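A short worksheet on the structure shown next.
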Amino acid sequence: MRGGGFGDRDRDRDRGGFGARGGSGLPPKKFGNPGERLRKKKWDLSELPKFEKNFYVEHPEVARLTPYEVDELRRKKEITVRGGDVCPKPVFAFHHANFPQYVMDVLMDQHFTEPTPIQCQGFPLALSGRDMVGIAQTGSGKTLAYLLPAIVHINHQPYLERGDGPICLVLAPTRELAQQVQQVADDYGKCSRLKSTCIYGGAPKGPQIRDLERGVEICIATPGRLIDFLESGKTNLRRCTYLVLDEADRMLDMGFEPQIRKIVDQIRPDRQTLMWSATWPKEVRQLAEDFLRDYTQINVGNLELSANHNILQIVDVCMESEKDHKLIQLMEEIMAEKENKTIIFVETKRRCDDLTRRMRRDGWPAMCIHGDKSQPERDWVLNEFRSGKAPILIATDVASRGLDVEDVKFVINYDYPNSSEDYVHRIGRTARSTNKGTAYTFFTPGNLKQARELIKVLEEANQAINPKLMQLVDHRGGGGGGGGRSRYRTTSSANNPNLMYQDECDRRLRGVKDGGRRDSTSYRDRSETDRASYANGSGYGSPNSAFGAQAGQYTYAQGTYGAAAYGTSGYTAQEYAAGTYGASSTASAGRSSQSSSQQFSGIGRSGQQPQPLMSQQFAQPPGATNMIGYMGQTAYQYPPPPPPPPPSRK
């Protein structure tokens, strides 16, 4: 039943607003704990204006589904429903949700054909005004699952008046995620003249305050900056009736629980609340119990910690000292791919800067992002990465959640994270939506405590498990592997294509270490040529292999580059190994003879010749100058970028 209230905005533009205007009038806070000036409001529901939040009309095709068909649809899409009263039937097409035509037009323009599993069940729940918890892997389409119902919700509320705060509030853990959500909100809200803003720390307050003062229906915010604005009276949440907690587990990991509780205390208790998370630990469960009323939990996939099944996960057990050499071998193969956008995750800001400096010194088109970077610099780096001008992004966990770049094909965990939850979110930066991707992980004995959890994640995703990883667990005292562990041990490669693939990946990770020819493909799904090569015994290193001395590939056996393979820099393998290649090749690669002597002391290329595609794609243009001066090293030559805009005065 629809609750009584204002109904459609077009019918009620003359109705009254939601209380006093202008904000709280509190003086700005300069010291103390965030949110200490905010007091929990005492709400009297009988005095609050009524509002409508149930707008769901079941489509006839959905209404005709029998209970058996509903169960079968949920089973096929791996949807599990728990709690609440009777849950609405899932939809299986966008038009079943009865969205307004302007929303359907945008969906069609973006070539969406059918809703994702989380959207199939999330749309009916959110449109019916119910509180809900959505548990799904990254890249599952949860942003649309709450934003499209939010647009419908807003358009059934009275118009904002001067001094009113937002109707829909989305809390996000990072500024990157907040910016991405706002972009989606702009794409779908502009057709209905809805305004949105994104407020986050690290950026000037002035433009954000002006947006709030002009009035926005949708506010996407990080907790810290929103607390600041609430305390200083720059905005209020009296009009907020639709609350979204996006990536709730991540916000708790980052220590935002006190701020979240302060913020929620400012919102009327009969609001509609939607919580989204990739994991379901006890801390998130407690938050749901405190903030949600009679909620329904929907889960897509396994209830345990799970990774995206579209990601091929490869774990290389190695020593800490081997990481640099293995990384360069890996990057040479990745950069030979047509689609090679890669994120490399490291543990600390210092290592992030150091690794970026060393890779750029040796010619890799790498840039970095971490929490100490200014907002203009972060925005510029992400734009360069998205555009493909710098296809290698080195990052700390600041980018492991919320960073949505559709065409990231590879993720490399240079340092294994502190928890399996962070591992799942890191590798979730690839294989967004229905795409496929590959994740490589360097796992050292120092990460032994996480071995069991990693094995569980691999087994759940039906991935092959590196025997060295199993040996680490056995050496520590067994356990954790379960039945899956014995299965991979006892099954032969001939009968287990997944394990055969893993064996081949291990062989290729070794690269030139064993003296074999370098390959120029990635470790992704095999083509028909690959399978035939493997089946007839030629393998990837055979003279008859598909990756032999062809045009566009270098010929290691002869030790010389052809002109077609390496442009004008035709120096020999012997010259490269000795560091004495000629001046002509040095000029074409944009390096000096002095920098060549430095090349082999850092994270330079492996003992093989440089990757040919790198010189073709990233050769120095005429008149180029250093790209970035902050590296503190002689950098590879690029066209100078436009400087980031100077921060405006607050």
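The backbone N, Cα and C atoms fix where each Cβ goes, and this holds for glycine too.
As given in Swiss-Prot:
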- Lys29: N6-acetyllysine (MOD_RES)
- Lys30: N6-acetyllysine (MOD_RES)
- Lys42: N6-acetyllysine (MOD_RES)
- Lys50: SUMO2 cross-link (CROSSLNK)
- Lys50: SUMO1 cross-link (CROSSLNK)
- Lys50: SUMO cross-link (CROSSLNK)
- 92-120: motif 'Q motif' (MOTIF)
- 246-249: motif 'DEAD box' (MOTIF)
- Lys449: SUMO2 cross-link (CROSSLNK)
- 489-499: compositional bias 'Polar residues' (COMPBIAS)
- 583-609: compositional bias 'Low complexity' (COMPBIAS)
- Arg605: omega-N-methylarginine (MOD_RES)
- 610-619: compositional bias 'Polar residues' (COMPBIAS)
- 639-647: region 'Interaction with YAP1' (REGION)
Worksheet, complete the sentence: Sparsest Cβ environment (other Cβ within 10 Å) among recorded positions Lys42, Lys50, Lys449 belongs to Lys42
Worksheet item: In terms of DSSP three-state secondary structure, what is the assignment for Lys449 (SUMO2 cross-link)?
Response: helix
Discussion item. For the motif 'DEAD box' (246-249), report the average pLDDT of the model, please.
Written reply: 92
Discussion item. Roughly how many Å lie between the Cα atoms of Lys449 (SUMO2 cross-link) and Lys42 (N6-acetyllysine), rounded to a whole value?
Written reply: 47
Worksheet item: If you run through the motif 'Q motif' (92-120) with DSSP, how many residues end up as helix, strand and coil?
Response: 17 helix, 0 strand, 12 coil
Discussion item. What whole-number Å value do you get for the CA-CA distance of Lys50 (SUMO2 cross-link) and Lys42 (N6-acetyllysine)?
Written reply: 17
Fill in: For the motif 'DEAD box' (246-249), the number of residues DSSP places in helix, strand and coil
2 helix, 0 strand, 2 coil
